[in-house]
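Chemist: Mind looking over this structure? Questions follow.
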Amino acid sequence: MGIKSLDDLLAEGVSGRGVLVRSDLNVPLDGGSITDPGRIIASVPTLKALSDAGAKVVVTAHLGRPKGEPDPKFSLAPVGAALGEKLGRHVQLAGDVVGSDALARAEGLTDGDILLLENIRFDGRETSKDDAERLKLAKALVELVGDDGAFVSDGFGVVHRKQASVYDVATLLPHYAGTLVDTEVKVLAQLTESTERPYAVVLGGSKVSDKLAVIENLATKADSLIIGGGMCFTFLAAQGLSVGSSLLEESMIDTCRTLLDDYGDVLHLPVDIVVAEKFSADSEPQTVAADKIPDDKMGLDIGPESVRRFSALLSNAKTIFWNGPMGVFEFPAFAAGTKGVAEAIIGATGKGAFSVVGGGDSAAAVRQLGLPEDGFSHISTGGGASLEYLEGKELPGIEVLN
């Protein structure tokens with residue numbers, strides 16, 4: 001792909017120039033405290049390189065899903081403080097997105113300074129379906145860095161969105177892929193274009209409908225496709241099994257039956273399930289065979305025999321993609337499935353396999369369960385973007401950089 005990199009921009013020279021960076025700083029918060037700083041840490045290399053080179057750096061990012069207007073609970077203030085801490089330098093926070101405070105602060109930047117704009121989604125034009133509205137916001141963002149400025153796309157978690165700060169600004173400024181986006185695209189290309197076999201895919205999460213396109217796409221490419229998490233129950237139901245009060249997408253049962261008919265030699269389902277009476281951390285766990293789930297109980301994790309079988313498949317793999325937990329890993333009693341599969345992937349990686357964790361809940365599980373992040377070849381910052389790439393979809397935020 002003909003995408004210019006951050007190194008290209010640095011070679012051209014950025015000292016004294018305004019550089020607009022779209023980062024992905026959408027981290028989970030609990031009462032104002034950041035519970036997983038992974039995306040903040042991942043954004044540091046690009047921002048540090050630009051600051052060190054003397055650029056006047058203006059960062060735009062979103063947090064959560066505000067409704068197109070300022071909302072204090074979605075302010076980037078705690079994120080800005082954490083970002084400054086990780087960078088080891090002061091990060092200014094503008095009081096607005098492209099208003100008078102942002103403009104005044106941008107004009108006052110000196111070489112190497114970093115300004116973080118307030119949550120870009122406080123401006124409804126960011127996510128507008130109206131091209132003209134998005135373009136107006138993009139032009140206002142460009143004004144903050146000047147006509148001789150540049151745009152660096154470094155928020156991989158949003159490149160599947162056609163939004164003002166992701167797509168439209170790249171049509172107005174010289175544009176480059178940041179370190180993170182550059183790495184992510186190369187990693188995903190390795191999964192799709194130069195895959196060493198055997199290729200194992202592990203998919204979890206709650207809904208088949210969320211993963212249907214990627215299942216259909218990867219089932220034709222993978223040697224084994226392991227299904228866990230809440231969505232396994234719709235597959236079990238498609239086999240005619242009772243799943244008790246487990247999560248079930250009835251509208252997807254026929255689709256799952258077709259997938260099993262077409263790809264039964266590739267798809268692997270759990271053979272035992274950890275069940276409980278209710279969705280609660282203090283529910284009493286009980287392990288049962290997958291065809292013996294009681295009517296009054298719900299599945300909250302895969303069982304130990306499933307972990308053993310899945311681990312055997314993974315131990316021989318040369319390429320592994322994992323997206324989605326095997327169970328409710330947030331509850332310790334139902335975390336063993338996710339941890340066991342993750343440890344098997346780490347073991348395979350140690351033997352030379354190329355492993356990618358596809359962002360989202362999987363990345364959160366790695367950190368929450370205390371697993372070594374360097375035990376995997378790559379942990380993606382973009383769950384949805386990774387899946388859409390592997391579905392074969394064009395990502396607007398990548399295509400516009402070409």
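Placed from the backbone N, Cα and C atoms, the Cβ positions cover glycine too.
Given the structure is predicted, the values throughout are model-derived calculations rather than measurements.
For Asp24, Leu25, Asn26, Arg39, His62, Leu63, Gly64, Arg65, Arg121, Arg161, the entry in Swiss-Prot reads substrate binding site. Per Swiss-Prot, the feature ATP binding site maps to Lys211, Gly299, Glu330, Gly359, Gly360, Asp361, Ser362; the stated evidence is sequence analysis.
Can you tell me where each of these features sits in this structure?
Modeler: Around the Cβ of Arg121 (substrate binding site), the number of neighbouring Cβ atoms within 10 Å comes to 25. In the three-state DSSP classification, Arg121 (substrate binding site) falls within a helix.
Sequence-distant contacts of Glu330 (ATP binding site), defined as residues of its own chain at least six apart whose C-beta falls under 8 angstroms from its C-beta, comprise Ala281, Gln368.
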Chemist: What is the maximum Cα to Cα distance, in Å and rounded to a whole number, among the residues Lys211, Gly299, Glu330, Gly359, Gly360, Asp361, Ser362 annotated as binding ATP?
Modeler: 24
Chemist: Round to a whole number and give the Cα-to-Cα distance in Å for the pair Arg121 (substrate binding site) and Lys211 (ATP binding site).
Modeler: 26
Chemist: Rank the binding-site residues Asn26, Ser362 by the number of other Cβ atoms within 10 Å of each Cβ, and give the residue at the low end.
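Modeler: So among Asn26, Ser362, the binding-site residues given, the one with the fewest Cβ atoms within 10 Å is Asn26.
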Chemist: Could you give the Cα-Cα distance between Gly359 (ATP binding site) and His62 (substrate binding site), in whole Å?
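Modeler: Roughly 17 Å, rounded to the nearest whole number.
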Chemist: Which residues in the same chain, at least 6 apart in sequence, have a Cβ under 8 Å from the Cβ of Lys211 (ATP binding site)?
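Modeler: Long-range Cβ contacts: Leu203, Gly205, Met231, Asn323, Gly324, Leu387.
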Chemist: Round to a whole number and give the Cα-to-Cα distance in Å for the pair Ser362 (ATP binding site) and Asn26 (substrate binding site).
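Modeler: Rounded to the nearest whole number, the Cα-Cα distance is 16 Å.
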Chemist: Would you kindly give the Cα-Cα distance separating Asp361 (ATP binding site) and Gly64 (substrate binding site), rounded to the nearest Å?
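Modeler: Pair distance, Cα basis, whole Å: 15 Å.
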